[in-house]
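Pulled from TrEMBL:
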DOMAIN    60-328  domain 'Aminotransferase class V'
MOD_RES   Lys193  N6-(pyridoxal phosphate)lysine
Amino acid sequence: MGDHYLLLTPGPLSTTPSVKAVMLKDWCTWDDSYKHIVQLIRSKLLHIGRASEARYTSVLMQGSGTFGIEATIGTVIPQDGKLLILANGAYGKRIEQIARILGIGYRTLEFAPSQIIDVEQVDTLMKQDPAITHVAFVHCETTTGILNPLEQLVQAIKRHGKIAIVDAMSSFGGIPVEVEKWGIDYLVSSSNKCIQGVPGFSFVLCNKDELAKCKHNARSLSLDLYDQWQVMEQEEGKWRFTSPTHVVRAFSQALLELEAEGGVERRYVRYLENQQILVHLMESAGFKTYLHEALQSPIITTFRYPDFEHFSFESMYLFLKERGYVIYPGKLSDVQVFRIGSIGDVHLEDMVGLCAAILSYATNIGE
Ligand SMILES: *Cc1c(COP(=O)(O)O)cnc(C)c1O
């Protein structure tokens, strides 16, 4: 297999040959044809999130997903604002770290990584602390693969009149989301997750009336979401600083392929089927999932280390990589786990092949 392998990781993930192919050329940034592509991407992203152009806009931002989160947190919360962070994993905690470093007032409501964010507790806290202006949380916590109750949480947040910020990094494009109907104010995702592009930029679906209030809020020049929006609007698809042209082209191709597949609804079904066969085969091979089935997303699955004698993650990882599969280490401090993604250009036969290799590893070490 050499160095050719399938990424069973939650982004970067396996992309199609046709997405990779459009990057084999140098592309300019300043002319109308490029700006037209950017504008088309912006409008397609709204369409995927079921948000109207009348009330929403989408802003693209250079950098990985975290840059998009940091641009959003750093731009939309005013000096006298207070952010409530709901966290049940490492990405929720990362939002907290951003708020701390930027000097934004915040408080965190934390849950165990094996539990979803509890809507009632959030509701109670919002009642008790009227200083809260914004609430941020992660939709699919990639730390474990747990799926938080997005619609119910946003409903509660909006009932209290707060601004809802959602890190939908690992779910947008793979799980249907109703941004406008549910009232999400800001939704952040990136080029290298369920849209199946390559890494290089993040994007934010924004409630325009809210974003319009955010001039001069930003704590950073390059991560100023408001300013990026203004330039993209006024100059019809221009980014303020050098944009990742190849990545943008690849993303535009990835969007065409998402449409060809049948949109988010169809892609969701493919991911779900991948995930279900994965769990079925892994359980047959003697592995157990970390999460209760009802809390599990179709994006990524966490498995406990098995009690096979001689098992080590490192040896299994290398065994699988030699056979063309790259899986993902765990991210929990107290439990020994590893993770397998079911997103990307990955299909049932890949899951079957992976699990056959895992079974072969288990048999090998048992001998
Ligand atoms: C991937 C991911 C991010 C962003 O991570 P980057 O390494 O900056 O791309 C943020 N939140 C979640 C839930 C993610 O899965």
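Cβ from N, Cα, C; glycine included.
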Helix, strand or coil at the residue listed as 'N6-(pyridoxal phosphate)lysine' [DSSP, three-state]: coil
The residue listed as 'N6-(pyridoxal phosphate)lysine', number of other Cβ atoms within 10 Å: 28
Confidence summary for the domain 'Aminotransferase class V' (60-328), mean pLDDT rounded: 97
